[in-house]
Every structure is written in C-alpha cells, then in structure tokens.
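J.: The following feature annotations were taken from Swiss-Prot:
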{"type": "DISULFID", "residues": "46-61", "note": "disulfide bond"}
{"type": "DISULFID", "residues": "53-64", "note": "disulfide bond"}
{"type": "DISULFID", "residues": "60-71", "note": "disulfide bond"}
{"type": "MOD_RES", "residues": "49", "note": "hydroxyproline"}
{"type": "MOD_RES", "residues": "55", "note": "hydroxyproline"}
{"type": "SIGNAL", "residues": "1-22", "note": "signal peptide"}
C-alpha cells in the first residue's frame with residue numbers, strides 16, 4: 001500500500017514538472033523547424049526557383065512547371 005502511494009505521488013510530481021517546464025518554454029524556441037521544402041533545398045543540390053529545368057530530371061528544389069520549363073517559386 002505504501003509503495004503504491006509513493007509511486008502515485010512520484011508520477012504526479014513528474015507530470016507536474018513536465019507541465020511547468022512546458023509552459024516556461026513557450027515562445028523561446030530559437031531555431032524553429034524548417035519547412036520541408038527548405039530542408040530539401042538545404043540537403044540536396046537543386047536548382048533555385050525561376051531556373052530552367054526539365055520535368056523528367058527532378059532537378060528543382062520545388063517542382064518544375066512543364067509548360068514554362070522553370071522551377072516553381074516558393075509560396076509563403
């Protein structure tokens with residue numbers, strides 16, 4: 001019985017600590033997660049938006065527009 005009470009109190013204490021630290025860390029993140037297109041462009045060599053491209057080569061950081069044969073621009 002005593003062991004059960006100790007375990008319950010420990011779990012409640014740890015949960016409270018996590019909630020307190022989660023509240024403190026709001027809006028203090030220095031390096032926000034990058035968008036997946038930005039990650040892709042940073043990890044691979046690809047052509048920037050507006051460059052000439054080939055739809056079959058997949059050489060753009062974004063996508064290749066087939067009728068203009070240019071890499072699509074980023075949208076915010």
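Quick reminder: no glycine exception, Cβ is built from N, Cα and C everywhere.
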J.: Sort out for me which one of 53, 71 has the most neighbouring CB atoms within 10 A, since those are the disulfide-bonded residues we care about.
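T.: It comes out as 53.
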J.: Per residue, counting other C-beta atoms within 10 angstroms of the C-beta, which of the modified residues 49, 55 reaches the highest number?
T.: 49
J.: Where does residue 46 (disulfide bond) sit in the DSSP three-state scheme?
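T.: Residue 46 (disulfide bond) sits in coil per DSSP, no helix or strand.
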J.: Could you tell me which of these disulfide-bonded residues, 46, 60, 61, 64, has the fewest other Cβ atoms within 10 Å of its Cβ?
T.: 46
J.: For residue 61 (disulfide bond), which of these recorded positions sit within 10 Å, Cα to Cα: 49, 55, 71?
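T.: Near residue 61 (disulfide bond) by Cα: 49, 71.
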